[in-house]
Amino acid sequence: MKMKVLEAKIIYESDDLEKYKKIISDIFYSFGVTGLKIEEPILNKDPLNFYKDEKQFLISENSVSAYFPLNIYSEKRKKVLEETFAEKFSEDEDIVYNLDFYEYDEEDYQNSWKKYLFVEKVSEKFVVKPTWREYEKQDNELVIELDPGRAFGTGSHPTTSLLLKLMEEQDFSNKSVIDIGTGSGILMIAGKILGAGEVYGTDIDEFSMEVAKENLILNNISLNDVKLLKGNLLEVIENKKFDIVVCNILADILVKLLDEIKYILKENSIVLFSGIIEDKLNEVISKAEDVGLEVVEVKADKEWRAVYFKRK
């Protein structure tokens, strides 16, 4: 079955291109993407061979593209993206932009995406290595092999690296773990590498399920040793509680999920959240305290925050 990908592409012009490239990128990142394609007006290939190959061309526009699974939520996602950018830029006279959407077969673009991804040391211990890159493991490093596809990055975005930093500081030995909104499966893989016993991953998207399965296998993790469940949390998890909950999702969704997460916690459970923009941190903490959690640690990277909670 071919997977489909939705590309959201913004072409923009401004006298301050760097400023708006960052703003556009941060908005896309706030929607949960972990990899972007950024194009600027430069020669796309070797300039020495430009006249020898008529297929070569100049990139003539500034653009930022984000990639999402194409599914039943895509039309809503388009609308929300349009509204978000319109609200941000409607009264800003310093930028002119156009947002368009395109649909592709995932496998048609798999190879072209690979050139944008590299080996990344994302925390003190964890190294994330795309399968097509060579890397010599150093002492004490924990290497995650990833073939993320065009719709996922490799863990270098602050939201993922912050959560991996929190994870490597915990004792996962034989613990039961659930990753809510697993995406590429990177946090499930990290949990297993850190010695977890039972590892569950949930997501509402079939595309994510397939990508996560492939990445688990790449890391020599048998699908019999984990559970991947498609659906909303309490619909797929019944009468099960976990030692550790990890979740890298937008703050607004985290706030809503906490009303469900409270039912899957043990007395001494810990909860590790990321995906929280600085302005939303207090809202997430307040809701977490309402459901019986207390803050142990907050990690920061630029405007992003990750939080370590435990049961009170």
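Yeah, the Cβs are placed from backbone N, Cα and C, and that goes for glycine too.
If you look up Swiss-Prot, you'll see T160, G181, D203, N248 marked as S-adenosyl-L-methionine binding site.
Put plainly, the binding-site residues T160, N248 were compared by Cβ crowding within 10 Å, and the winner is T160. The Cβ neighbour count for D203 (S-adenosyl-L-methionine binding site), using a 10 Å radius and every protein chain shown, is 22.
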